[in-house]
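Beneath this line is the structure, given in structure tokens, with notes to follow.
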Amino acid sequence: MNSFNKRAEKMLDGHTPKRVKRECTYGDKCYRLNPAHLREFSHPHLESILDNYSGEGDYPIPKELQPQRHLIMDQLQVITEKQLYVPVSGNVQEQKTESESTDKKENESNKNVPYTSSTRESNSSGSTPSHNITESCSSNKEVKRKAETAGESLKVKQREKSKSPTNQLVVHKDDYRPIIPPTRRPEQFLKVVLPSGGMAAKHAASAPYHIFYTTITDSRETHKMPYSITFLEILDRSLGELKCSLQINFMVEIGWLLAQYYFAGYSGKKLTILYGDDCADMKTINKKKPNVDAHYVSMATPFGKHHTKMMILCYEDGSLRVVVSTANLYVDDWENRTQGLWFSPRCPPLPAGAMPHDGESPTMFKRSLLRYLHHYQIPQLSYYVDWVKKCDFSHINVFLVASAPGSHFDTEWGMTRAGSLLRQHCRVPPHENSKWPLIAQASSLGSYGKEPKLWLTGDFLHNFTKIKDQPQMLSTPAELKLIYPSLENVKQSHDGLLGGGCLPYAADAHAKQPWLNDFLFQWRATSTHRNKAMPHIKTYTRISPNNKMAAFFLLTSANVSKAAWGSLNKGNKALRVMSYEAGVLFLPKFIINEDLFPLEENAKNRLILPYDVPPVRYTSDMSPWVFDYLS
């Protein structure tokens, strides 16, 4: 038996353990925060840190473990608060007294009193700790008394926080990173800067949808729209003081992204990035910016992409917000391209002692988000997973529709996830189902095969036109309309041909499916003043024959492709997905308590689509934009 296991199994009451802890097979890559797991298994790297902790200042985390420092600190907090491990006795300084012989047994026990998080908090403040169990004391009884007091103090704090109206998460003082006011004005570097301090009011006014479209640099009309947004507004301090944030994306221009945080005053705050487009700058960013932790997400196949665009913004008061977006994190995507995002309401912290599944919404958004984050199996995400578990999502009114690589036999991912939700909640009148077209608007098209029914008008259209109370008999399928810019659309864009830089459809792919022209419709967006801003946004909806109502609206990172939505294996019915994607589904019953969304301009609770309706078909002389025009 190794020494770690022997020490870990010592008990406070001095009893001999019944069995030896097994060492966790994940080693220092373990990301678990569950007390049951930490009680069941030995973690030598954590136990070594506790053995070498003096009781003052930060834990002595080795250099090689610094990249996962925040995760380790959370694990240590659980271990100490739950008293799951007793450090070696060398750290407790004792002073011999006249009663040493009579208190010998008590002495031996007191040497092994574990450290608590309240000790760390008081030590980090720089003042004399009121419950410092590592300080010298006049008697061994005093050591024990102070240790007990520390434990009781922690329990009292937790009870007080559960009664507090703010319900703040327990945050160590040494974990706070102050706001750093920028020394330069954002107007000197950013093309569109809206007044600061107003985002909270703008967000409140966006209810019940909370849908925003990015400002267009060369379309000044969009700068004043109540539903237009800049990246800097996402970080606006009126929403709360940011503590840390998680950025999940495909392409990241790190200089541009850090500039946004700099101008918001958050250049010192913890920032974690998952990215999918390999970049040398991202691999070394932690050496230049220790507060930035970036992780490249590799894919199993070259056809799969880490394509999700999501943010989790965590605030100092313990709350969080989730942003699901269509924009990459680089300058071009936030200037003259049409992008969309859903910016969640504030999710406040749950009371102390709440269970991880508490605070769920009718749409089960929290469960879906946790499932998505767990799929990565990246230890550094446990920090944010734990934060999500501690927050109340009960007021969230959208469904998370995500894709993750793999073969899925359930209906929790990709197009079967969308189909399952529409089958339960979409209320297109059954006798009119074939008359409500599916409008799929995307920035890229996939390879569908020699015939549309092989996927596009087959499984894809079938899932996206499911409705509640659908007749079992065969019926005429709904029409599919694909909104994708033509060459002429791109030519008239703000950036000319360069406007097609976000539209990666290839000429050789189109040559193999000329039948696709029959489904194509132009990009027209005069109503939102984004006609010349090429769409990197992706949306899916069904619109009534009179163009006045919509049955649902899906805003997502997923283009119309098999890699994004999956393809069904005809043998075992498994859905094979190749990419990571994330979107939010808006269903009228959950948003406005109606069967359909109104689209007319002056209607109450109007849903604002990013493009004009009805969509306009390609003329006979038009062709879709292909990326080859830029080569």
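Cβ from N, Cα, C; glycine included.
On a predicted model such as this, the values are computed, not experimentally measured, just so you know.
Pulled from TrEMBL:
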| type | residues | note |
| --- | --- | --- |
| DOMAIN | 21-45 | domain 'PBZ-type' |
| COMPBIAS | 95-109 | compositional bias 'Basic and acidic residues' |
| COMPBIAS | 141-163 | compositional bias 'Basic and acidic residues' |
| BINDING | Lys309, Lys538 | substrate binding site |
| SITE | Ser561 | site 'Interaction with DNA' |
How big is the gap, in Å, between the Cα of Lys309 (substrate binding site) and that of Ser561 (site 'Interaction with DNA'), rounded to a whole number?
17
Mean pLDDT across the domain 'PBZ-type' (21-45) comes out at 79
DSSP residue counts for the domain 'PBZ-type' (21-45), split into helix, strand and coil
11 helix, 4 strand, 10 coil
To the nearest whole angstrom, what is the C-alpha distance linking Lys538 (substrate binding site) and Ser561 (site 'Interaction with DNA')?
12
In chain order, residues whose C-beta lies under 8 angstroms from the C-beta of Ser561 (site 'Interaction with DNA'), counting only those at least six residues away in the same chain, are Ser444, Leu445, Gly446, Ser447
What is the Cβ neighbour count of Lys309 (substrate binding site) at a 10 Å cut-off, with all protein chains included?
25
Other C-beta atoms that fall within 10 angstroms of the C-beta of Lys538 (substrate binding site)
24
